[in-house]
Amino acid sequence: MFIIVVLLLTSSVATSTYEPLRIHVISAFGPLPLPIQDSLIESLESLSTSISVLKDSSRIEWSEIIDATSEYKQISWIYALSGQFEENLHVNGKRIDEFLNAADFLIVMQRNSRACGKDSTLLASAKPYFDGGQHKRPRIGLMNVCVDSPIWKEFRAHVDLFRHEILHALGFGTFYAGDSDKRGPPKEKHAWQTERGVKVLRNRTFLDFSSSALKEASKHFGCPKLKGIEAENDKKIHLNEYVYGNELMTPRLSNTKNFFTFISASILEETFFGAKQWYMVNRTAILAEQTAYWYGKGGGCKFAQGSCHEFIRHREKASQTTFPFCSRVINNCINRDGYEERLSTYCRKNHINKAIATAVSDDSAYRSCPFDEDFLNDSLPPKFKATVCT
């Protein structure tokens, strides 16, 4: 995934026109296998409902598609998807122009078997194609889906996967703010407390385009002194999974539900260059997800900025639940829509983000935290509240 440098950034929304984002898809290989194809369609409908795009007069040309990927240079027919409507189109026909003219954003499917084979855990990837010319925002996104991966048999959050990848194609985490005022706070050292209470200095990197998102994250955690939106690593593509858990834009998706929250919505809205904002997210459309997003909610600065071991010790002293972390076999009470159920929670150490542990640490204890096994196994209900049993 490439990173695009963004320099001049100012905002002007009041005089601009925004309409629901129309995302079309083309493929030189036909539709995806079922039920993956159905999930793609559902994700397009979901994002069209929640995201609006700045309208302008420019249109997508077939020549741009060829510039974006050489796979489409020699083909005559393509599979085209627009909402629920599917058809095969000739690349030189009149209908292809109508199809492209009706799209605000075009997903171009690729077949990169090398990338799929290189990473056995990869299900899909996406990035924007941006020529840096006349267009004020990316119009084309390139998506690779590893349809032969055996993980599809067990993975259930297909719609969330496509929503995640399409947001990357739109620009989330794939643009770099350069030296502009949209740049995140500088990388810093922070003291990570291990299980034995030893403090070790580690690097912490923050996402760009995140000043508005910082306010949302501070409210979510209950941490007014939060410095920035912590990134997965120096590439600044994803939210840090350890801090943000099952938010939609962390690097690994939960097998149940991943929430498109006001945090990621704010980052997408702030990702633009020029005088006008590219995207607006309908907060009403994602309010249910924002409300249901529970990971780290109310955990305070100990959760958002400290280590899991600090958080556990702090919560145990206050006789509060340490969920999703734990330090021993303990009874947790899970409230499911008003019904309280006592569960025996088993602790299991887990690298919540092995990429971080490998990239920046030679200490095997770094971010190796004891997690509630129900959380790790994705066996929790969509809506619940964890408390200490009385």
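For all residues, glycine too, the Cβ spot is worked out from N, Cα and C.
Because TrEMBL annotations are produced automatically, they should be read as predictions rather than curated entries.
The shown structure was predicted, so the numbers you read here are calculated from the model rather than taken from an experiment.
Site annotation (TrEMBL): Zn(2+) is bound by His164, His168, and the candidate from His24, His90, His238 recorded at this site is His238. Listed in sequence order, the residues of the same chain lying 6 or more apart from His238 (Zn(2+) binding site) and placing their CB within less than 8 Å of its CB are Gly173, Ala231, Glu232, Met249, Thr250, Pro251.
A sphere of 10 angstroms centred on the C-beta of Glu165 (active site) encloses 23 other C-beta atoms. With the fewest other C-beta atoms within 10 Å around its C-beta, His168 stands out among the binding-site residues His164, His168.
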